[in-house]
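Straight from TrEMBL, the features:
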{"type": "REGION", "residues": "1-23", "note": "region 'Disordered'"}
{"type": "DOMAIN", "residues": "63-181", "note": "domain 'MTTase N-terminal'"}
{"type": "BINDING", "residues": "C72, C108, C142", "note": "[4Fe-4S] cluster 1 binding site"}
{"type": "DOMAIN", "residues": "204-434", "note": "domain 'Radical SAM core'"}
{"type": "BINDING", "residues": "C218, C222, C225", "note": "[4Fe-4S] cluster 2 binding site"}
{"type": "DOMAIN", "residues": "437-500", "note": "domain 'TRAM'"}
Amino acid sequence: MNEEQKKAQINKSSTGEKDYSQYFETTYTPPSLKQAKKRGKENIEIHYDFDVPEDMQQIGKDKKFLIRTYGCQMNEHDSENMAGILMRMGFESTAAVEEADVILINTCAIRENAENKVFGEIGHLKALKQENPGLVIGVCGCMSQEESVVNRILQKHQQIDLIFGTHNIHRLPELLKNAIFGKEMVVEVWSKEGDIIENMPRARKGKIKGWVNIMYGCDKFCTYCIVPYTRGKERSRRPEDIIEEVRHLARNGYQEITLLGQNVNAYGKDLADIDYGLGDLMDEIRKIDIPRVRFTTSHPRDFDDHLIEVLAKGGNLVEHIHLPVQSGNNDILKLMARKYTRESYVELANKIKKAIPNASFTTDIIVGFPNETEEQFEDTMTLVKEMEYDSAFTYIYSPRDGTPAAKMEDNVPHEVKKKRLARLNALVNELSAEKNKEYPGKTVEVLVEGESKKDPEVLSGRTRTNRLVNFRAPKSTIGTVIYVKITEAKTWSLNGEVVEPAEVNI
Ligand code: SAH
Ligand code: SF4
Ligand code: F3S
């Protein structure tokens, strides 16, 4: 059967659930969101013996790869693992698309516009593939976990050679080998999470700031969210493995780490043999000689007193808390299944402020959840004012197939949602600008990250609360912590001049 006939066969199938297996010589394991929803009790094993098999270490000799990453920090970090694996297979990295022999698109499924961007990119790559038929294009990440996406690629994007998901990144050597040497598209997506694979080779993007996964998956099932389906059940790494990784980064000169998880406050709950949570982990990491430690993302519901106590010890634990609220209205919060109220959220924030007086808060907000009324939206606006967030990521609700909210009827026109988003953004910006106005004259601690975007003569870095600061200083300060006296406040950033540490205010 040729490609056209195969496509015709697939399209002709009258059953809703299409079975493509007969058309594929190699592994064909498509995803199922239904399977992904299940949460089993099976034990998660940890493997410490991962390596790229010897016979695959030369596959990439004289060849180059490029990874395009969409989505959250988790995806950024997964891409670092994939880059590490590809380098271990002999590939070199390139930033030029025309030079690449392998292109991986690490995708995000969180909102429809994230998915549209990826399909746009897949479309663009068609021409490149025609010019260079030897090019291997892979799609991975959260979108691969959705059967609708895999079906669409099979039907309309035959230029793709490989599809794998978030649970089988460690299978990349084998899968890529099959994609390079086989004739058919390789599809291997695991709907259920597998074991934890430690010691994957890793090519970190920067030398100053590093990501450290502390857990995988999410069991919160907020009704709008696709992540529990694309990332599987909550699984925590062992504390000793995390601590060893942080120590390793500290030894290698890293200045800042961010502990990563979809819901880091649930860390440790699945570790059956020890009673150990995020507070305990942070208390250990606090003692490691690395200037700054952040964590993301917190779920307000699991934020416990022990963690607050530990964060209040300060030191390298920065006083910045990203605490997604999503909505300021209790009925909407209930429909979202966030399992906290506006009042309990504010109470938690106040408790944190009391323990850590100069704590800064940022958040995530969704506007236009199904049937959100004007009054309910106003509750979000008043909450934002009450909380005085430093900044906020704001989104228009996007229905995700397979989630409970996607089945809710929605009487709010898109135009109304867009207007609400604009109003919310104006408020968030106003608050951020106002906060910045308090800074001139103060001295802040800044981790110097590199040249500023606009002017290579000016350097930029971030405060402990993640504010962007621009200043003139020798390039040798890049990757160090310095002190900057703020001279001017802008909406999004602060300008200042370097001073001696004795004058620090914040
Ligand atoms: N695990 C994190 C973040 C998950 S995704 C948390 O729980 O906070 C990041 C943000 O995307 C969410 O906080 C939410 O504000 C937004 N988001 C998730 N699903 C969405 C959807 N279907 N439509 C619009 N925004 C969404
Ligand atoms: Fe999604 Fe909620 Fe889990 Fe965050 S906590 S990843 S919003 S389901
Ligand atoms: Fe997107 Fe997946 Fe992250 S859906 S936000 S890349 S967990």
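Counting starts with 1 at the first residue shown.
From the backbone N, Cα and C atoms, a Cβ is placed for every residue, glycine too.
Unlike curated entries, TrEMBL annotations are predicted automatically.
Within its own chain, C222 ([4Fe-4S] cluster 2 binding site) has Q326, M336, A337, R338 as residues 6 or more apart in sequence whose C-beta sits under 8 angstroms from its own. Counting other Cβ atoms within 10 Å of each Cβ, the binding-site residues C72, C108, C142, C225 show the lowest value at C72. Highlighted here are the binding-site residues (C108, C142, C225) whose C-beta falls below 6 Å from ligand 1: C225, in sequence order. Sequence-distant contacts of C218 ([4Fe-4S] cluster 2 binding site), defined as residues of its own chain at least six apart whose C-beta falls under 8 angstroms from its C-beta, comprise C225, V227, P228, R231, E234, Q262, N263.
Only C218, C222, C225 of the binding-site residues listed as C72, C142, C218, C222, C225 bring a Cβ under 6 Å of any atom of ligand 2; the order follows the sequence. Listed in sequence order, the binding-site residues among C72, C218, C222, C225 whose CB lies under 6 angstroms from an atom of ligand 3 come out as C72. Taking DSSP states H, G and I as helix and E and B as strand, the domain 'MTTase N-terminal' (63-181) has 66 helix, 23 strand, 30 coil.
Taking the centre of the Cβ atoms of C218, C222, C225 as the [4Fe-4S] cluster 2 site, the nearby residues of that chain (Cβ within 8 Å, site residues left out) are K220, F221, Y224, I226, V227, P228, Q262, N263. Other residues of the same chain near the [4Fe-4S] cluster 1 site, with their Cβ within 8 Å of the Cβ centroid of C72, C108, C142, are Y70, G71, M74, N75, T107, A109, I110, A114, G141, V227, T230.
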